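For reference, the structure is listed below as structure tokens.
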Amino acid sequence: MVPQVLLFVPLLGFSLCFGKFPIYTIPDKLGPWSPIDIHHLSCPNNLVVEDEGCTNLSEFSYMELKVGYISAIKVNGFTCTGVVTEAETYTNFVGYVTTTFKRKHFRPTPDACRAAYNWKMAGDPRYEESLHNPYPDYHWLRTVRTTKESLIIISPSVTDLDPYDKSLHSRVFPGGKCSGITVSSTYCSTNHDYTIWMPENPRPRTPCDIFTNSRGKRASKGNKTCGFVDERGLYKSLKGACRLKLCGVLGLRLMDGTWVAMQTSDETKWCPPDQLVNLHDFRSDEIEHLVVEELVKKREECLDALESIMTTKSVSFRRLSHLRKLVPGFGKAYTIFNKTLMEADAHYKSVRTWNEIIPSKGCLKVGGRCHPHVNGVFFNGIILGPDGHVLIPEMQSSLLQQHMELLKSSVIPLMHPLADPSTVFKEGDEAEDFVEVHLPDVYKQISGVDLGLPNWGKYVLMTAGAMIGLVLIFSLMTWCRRANRPESKQRSFGGTGRNVSVTSQSGKVIPSWESYKSGGEIRL
């Protein structure tokens, strides 16, 4: 399995160069047909790309990138966002305390961010405590504001170090680029005004230790170098290669995106500035995995078809389609003419769209022109249908193109919230939504009665309140008694407000009850 994983790169290389996986391969050069026996049939070698005439192999040494160094060098880092949480409290007359929380941003300092990151990585409880809401202070009949600053550390935030100009690239940076980390500049600004990016290593060195020496075989024809067989046995062509310096080392960028440093006698042009080395990400990893699975599957299908042919002593057009070479290069083409099995040498090329080889109805384009058929039969299982259309067995299954469409629809990369192009930031310094998931919830709360006094003060206040209450009750009772006394006297005589005269025992006339009362003790 491991050799197959290493040797599928030619097929993948063409897919990366052209932006999508080739859906088919067809001969652009087709030699004369000759009859063969079924024992001459063989499954093609889909693990080698061959160049015409370069058969002279000689040992040589070259330099290539270490495993894991693909398009750019990964630099791990983190983002630091400053958040201020404000607690506003108001205590009313009866002692109810209302607390309202608000959040806004501030721009953090690199030193503070580095300290917060170290706390988080070390599991220091000070980091979690720094994220808590402030404990609100309060005073009776006053509004009190309490603030607390927090630093939100989001990691990892991986950036790409460009080995060409040593700049950092990520969607979190304004314009996608940061000039780089130096001794004087230890951080990068981000597309959020109150967030900075910093590397995990406080003293990053330019990690250009990315090369390794390897040995292989040079494929040449005379003084011309056509390509080489690398240390893993994979042939790589120098067609379309260009010169490119990587971390100051001059080398060649091949068509499949790989980079090697080797001596050649041919003058090679310089690469355009926009060409990178081995563009590689998580999605291409998935594609590589599917390509390997597909190549293994196709190899097994070819061997099964070949075994069936040998066992049954019969062959069909559909079985011949399994013997087609799946990668560009030299191979064989097979067909059946007049019940005779035929073979021809062929040089295969990649096909990216079906229109390239079927430009019109009934036309199979080979070598720039429509290839003739014999009684409706072409080669490699391709036939002419009853309605005059060219029928290719793989056209119905679309081969690996289905995997590409599946990847486009199902692969969702994990990204930093600031790297999401759909993120819309709020105006001003209002706290963004992406920091809320890292902080406790804030809400308006109302406490019970609390006057903000110590325990002894509370008892004094309660005692004074009780005494005041008693005084008020006593005063009210006294007032009520005084107010009701004249009314009760009048009601005892059923009076209407007139004077009543009475006669005492001595016969003296007393004009009123008050006069009688003032006359001293009277015996009835």
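Cβ coordinates are placed from backbone N, Cα and C, and glycine is handled just like the others.
These come from Swiss-Prot:
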CARBOHYD  Asn56  N-linked glycosylation site
CARBOHYD  Asn223  N-linked glycosylation site
CARBOHYD  Asn338  N-linked glycosylation site
LIPID     Cys480  S-palmitoyl cysteine
TOPO_DOM  20-459  topological domain 'Virion surface'
TOPO_DOM  481-524  topological domain 'Intravirion'
TRANSMEM  460-480  transmembrane segment
Quiz item: If you measure from the Cα of Asn56 (N-linked glycosylation site), which of the recorded positions Asn223, Asn338, Cys480 is the nearest?
Solution: Asn223
Practice problem: Identify which of the glycosylation sites Asn56, Asn223, Asn338 has its Cβ surrounded by the largest number of other Cβ atoms within 10 Å, counting every protein chain shown. | Solution: Asn56
Self-check item: Residue pair Cys480 (S-palmitoyl cysteine), Asn223 (N-linked glycosylation site) - Cα distance, angstrom, rounded
Solution: 130
Quiz item: Between 0 and 100, where does the mean pLDDT of the topological domain 'Intravirion' (481-524) sit?
Solution: 53
Quiz item: Can you tell me how far the Cα of Asn223 (N-linked glycosylation site) sits from the Cα of Asn338 (N-linked glycosylation site), in Å?
Solution: 46
Quiz item: By the DSSP assignment reduced to helix, strand and coil, which category contains Cys480 (S-palmitoyl cysteine)?
Solution: helix
Self-check item: Secondary structure of Asn56 (N-linked glycosylation site) (DSSP, helix/strand/coil)
Solution: strand
Self-check item: Cβ-Cβ neighbours of the residue listed as 'S-palmitoyl cysteine' (radius 10 Å)
Solution: 10
